[in-house]
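Swiss-Prot lists 5-24 with the feature region 'Disordered'. The compositional bias 'Basic and acidic residues' feature in Swiss-Prot is assigned to 10-24. Residues or ranges marked as transmembrane segment in Swiss-Prot: 41-63. According to Swiss-Prot, the domain 'TNase-like' annotation covers 84-249. The active site annotation in Swiss-Prot covers R134, E142, R182, and the record cites sequence analysis as its basis. Marked as Ca(2+) binding site by Swiss-Prot on the basis of sequence analysis: D139.
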Amino acid sequence: MVWLPGINDLNRDKNNTNNDKDPNNDLFQDLKTRLDSLPTSAIAIASFATGAVTAVFITTFHVRYGRRLKNGEWITPDFLGRNSWIKGVVTSVGDADNFRLYHTPALGGYTWPFKFRTIPSLSKDLKDQTLHIRLAGVDAPEAAHFGKPAQPYAAESLAWLRETLLGKKVYCQLIRRDQYSRIVAHVHLRPRILPSSLFRGRNVSLELLKAGWGTIYEQAGAEYAKGRKDEYIRIEAEAKFVTKIINSLLPIILNRAARRGIWKHGKSAETPAEYKRRYAG
């Protein structure tokens, strides 16, 4: 006689098959039961904590990558203490060792493919919208101001910095605030080939020394790129003496070679620091 399975046997086999297909079913049911057993107040607290953590994360992310620093008052001591990096476009160069920067945060709408904002070009639109940046570690010839005459080569030094920076994107590591409320910073140009998100371009302070349009700043509060003061000294020395060496070795180019920048008439040229001391009284 052939045995035929009953309905109960079929249901039992079906249940066994379902359990075989979902080995985590018991664990899921256990977790669901535990969650359902939690008091409403505990669930509310957990939801609030999750929301608070999310809000803090979003706010921190926005402050770091999306909020624009409109002027120096937006830069807090904590921000300077971290020696944070920012990027922006130079909108004006009024002196040979400082300039105005329009901050363009990474997620602020100033960079493709998310570009939907433009940088103002009119002076009235830039009022109170820029950071006053001072180049770290260097000093350039003083322009005429407060009744004092201009230092020799002040105009040439200013022209060099304008040619180097004006209208260009730069990266600034913010160091401190000086006595004139300017932000002292290590300033770098954009790299020519490599991605700017991973690499920095040329250090503008070192380029100023190399061109011969400034000296090392050695007064109180001097700041140099980490571990590179010797490089500042070396580059300044090269700017002073390189042409003298060339002229001594290659007289044929004597008429074309000239000392660099402020060292044109020799290393005895008055430095910006000496100029300031002379007019301090």
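Numbering starts at 1 and runs along the chain as it is shown here.
Note: Cβ is positioned from N, Cα and C throughout, glycine not excepted.
Structure coloured by features recorded in Swiss-Prot.
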residue	record	contacts (Cβ under 8 Å, 6+ apart)
R134	active site	D97, N98, D178, Y180, R182, I183, V184, A185
D139	Ca(2+) binding site	D97, G214, T215, I216, Y217, T271, P272, A273
E142	active site	K148, A150, Q151, A154, P272, Y275, K276
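R182 (active site) is surrounded by 19 other CB atoms, counting those within 10 A of its CB over all protein chains shown. Taken residue by residue with DSSP, R182 (active site) is part of neither helix nor strand, so it is coil. In this model, the domain 'TNase-like' (84-249) carries an average pLDDT of 91.
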